[in-house]
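To start, the structure itself, in structure tokens.
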Amino acid sequence: MDHLPIFCQLRDRDCLIVGGGDVAERKARLLLDAGARLTVNALAFIPQFTAWADAGMLTLVEGPFDESLLDTCWLAIAATDDDALNQRVSEAAEARRIFCNVVDAPKAASFIMPSIIDRSPLMVAVSSGGTSPVLARLLREKLESLLPLHLGQVAKYAGQLRGRVKQQFATMGERRRFWEKLFVNDRLAQSLANNDQKAITETTEQLINEPLDHRGEVVLVGAGPGDAGLLTLKGLQQIQQADVVVYDRLISDDIMNLVRRDADRVFVGKRAGYHCVPQEEINQILLREAQKGKRVVRLKGGDPFIFGRGGEELETLCNAGIPFSVVPGITAASGCSAYSGIPLTHRDYAQSVRLITGHLKTGGELDWENLAAEKQTLVFYMGLNQAATIQQKLIEYGMPGEMPVAIVENGTAVTQRVIDGTLTQLGELAQQMNSPSLIIIGRVVGLRDKLNWFSNH
């Protein structure tokens, strides 16, 4: 993060704009809207500045820039068409530890101006860090279309209710659930827009007096195989509403950055062959947090019902009568194959796909004879440590040694690495890779050279 987004309280605080043209006028409008006590310095001014000055809204200082104008300022903007003058203003402000924006020169500025969506008191700021103002503007326009014009009235009304809500609902969780109900109530929003006081009062009383569901719940969310962009919209909504997020080592930092900031985070770092927290204890963590009335998200890599032990966790909750739901995710087989240019099925090469765990329990044995058959694709999860055994068994049961294989490490992430070869090389290839990795075996692997689009690693 190159810039920290902050919202400044400028009401009745001295601010300076150097420049008297159209660009300076646009900046002045923003500062005046924020209630700043504004001084504008330039050699000449467009008529709008004169009109504002005549109305007593700002002070004009006609003449060359004088550094002393900054002495009482909280914030300054250099908005002239003279680069040297803009630089001088910036340096003078820097020497006084005053934040200064330099129009069209973000590297010379100590702060930048974002694109703004104003639904006061709700404000949304969009910034590209000065690298692409057009992109920021396009995003602002898209957000403008999504946010109702009366949203600010709802936010202002919520501020008026805060004291009563705090008295009415004892816990933070109860208050949050009330606010969520209020903000999605279309009737209240429309009543506020129409200034219909009777309807506003009736709807508010109904919302406040409705019994809240004090039971906790658990939502099992599949986070996908790595790329945060593959998280589903519903999954995103759930992690942003959670009181507690229980997650493991397969969840990327990019995804964790999307979690609600004040949610509790419980790390239970699992990996094949080793569990930082035993599965039974994970089950109990989910149960305990839900019994406290909290909304718990169990965030799992891939899809929670495909080698994710999601069923085991939900059985514990079901036996205890805890409400639960499941948000599917893109499983590793689908994500890794797509990002590696390997179609799992193909009319000429594979009419079926088998998803197999390579993390076998002691004494467990797979149906190797059927797995060795042609016209199918095998995908082994957690199979890196068993690669030599997989190679030996498949060849022993008749799979050709030249069968194409691929191992995908950190699939779909920017650090994805893929190596391919033949079945006779599988054990050797596995020694070059690290967990988490996925093994794909089948004729479809031979299409990778033609269909690979994501990387050449």
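Glycine is no exception: its Cβ is also placed from the backbone N, Cα and C atoms.
Annotated S-adenosyl-L-methionine binding in Swiss-Prot involves PRO225, GLY301, GLY302, ASP303, ILE306, THR331, ALA332, GLY411 plus, out of the candidates MET123, MET172, MET382, the residue MET382.
Excluding ASP22, VAL23, LEU43, ALA44 themselves, the residues of that chain whose CB lies within 8 A of the CB mean position for the NAD(+) site are, in sequence, GLY19, GLY20, GLY21, ALA24, ALA42, PHE45, ILE46, ALA79, THR80, ASP81.
With respect to VAL23 (NAD(+) binding site), the closest of these recorded positions in Cα terms is SER128, chosen from SER128, ILE306, ALA332.
Each of GLY224, LEU250, PHE307, GLY308, GLY329, ILE330, ALA333, GLY335, CYS336, TYR381, LEU438 belongs to the same chain as PRO225, GLY301, GLY302, ASP303, ILE306, THR331, ALA332, MET382, GLY411, is absent from that list, and has a C-beta within 8 angstroms of the C-beta centroid marking the S-adenosyl-L-methionine site. Residues belonging to the region 'Precorrin-2 dehydrogenase /sirohydrochlorin ferrochelatase' (1-204) score a mean pLDDT of 92 in the model. When the Cα atoms are compared, ALA44 (NAD(+) binding site) and SER128 (phosphoserine) turn out to be 32 Å apart.
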